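Novice: So that we are looking at the same thing, I have put the structure below in structure tokens.
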């Protein structure tokens, strides 16, 4: 079998400057971004793997029409839910947009919580086998016959490093790891470790053109309360009807990346009858809390970040002070 690889992408060019505003879900990123926009001529680049999809507005907490009109936004509503959007595509799009925004005399403000996108932009992407639809289809058939735990056991034989950090039912990541091995003959962990070594060598003595501001809670209970409030608001705004309309299209399945987004997966299962509708709220809140936990873990692996406690009453002022120190355009 011939092996084709996605092109390697380096981190953002050193002659570009931008500010990144990251944080877990419900940490107040949108409010902070709009506050920055009141003082600096910015254009916002969304760093959110769910906001790229059209027709997924309520469950993704997509910015309102008024918010989108107040400040130029990019990488929102650029894909149909039927089509996936990768970290490699994000890096190419973000680099292009950062350069274009800079050429317009404005500052690119990257805002979101998809940490894989941030990491890919900061550290670059090494060569990785391209997605292979045929191999993925075979894996889906095998999973239907044997179950994902069986495929997880197979992965443990060929890539124990990756298997050790994946749950036996993590279908998306197990499928990708086995796909990489079957296409290339090398485990996914091989490519990831090589990439890490390459980035250490490339970045030694270098400086980042980005300022990374990270909104992180000092009190998890505060964040959990906001998550519950937001999910309740989504349900009250017609989230279930939104998912029902997506299902009614007939061409979407629960295995698509778009439908695996937190909240959408739980709502789909409830509409399918595989999970009681009465449990949707609790399951959705729990899944969102787990997502926030993973996001915070990612953020803590980024030593260059400037942390602002999002549960501090002066959080917005602190964010603005960091931005003011970074740009002469602050007004």
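Just so you know, glycine gets a Cβ as well, placed from its N, Cα and C.
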Novice: Pick from 48-51, 52-55, 56-59: which range does Swiss-Prot record as region 'Interaction with substrate tRNA'?
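Specialist: That would be 48-51, per the region 'Interaction with substrate tRNA' entry in Swiss-Prot.
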Novice: Other residues with Cβ within 8 Å of the Cβ centroid of 23, 24, 25, 26, 27, 28, 29, 30 at the ATP site?
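Specialist: Output for this site, in sequence order: 113, 215, 310.
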Novice: Counting only residues 6+ away in sequence within the same chain, which have a CB under 8 Å from the CB of residue 30 (ATP binding site)?
Specialist: 61, 63, 67, 111
Novice: Please give the sequence-distant neighbours of the region 'Interaction with substrate tRNA' (48-51): residues at least 6 beyond its ends with Cβ less than 8 Å from one of its Cβ atoms.
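Specialist: Residues packing against the region 'Interaction with substrate tRNA' (48-51) from afar: 59-60, 62, 75-77, 85, 90, 112-114, 116-117, 257-258, 261.
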Novice: How long is the line from the C-alpha of residue 27 (ATP binding site) to the C-alpha of residue 114 (site 'Interaction with substrate tRNA'), rounded to the nearest angstrom?
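Specialist: Cα-Cα distance, residue 27 (ATP binding site) to residue 114 (site 'Interaction with substrate tRNA'): 13 Å.
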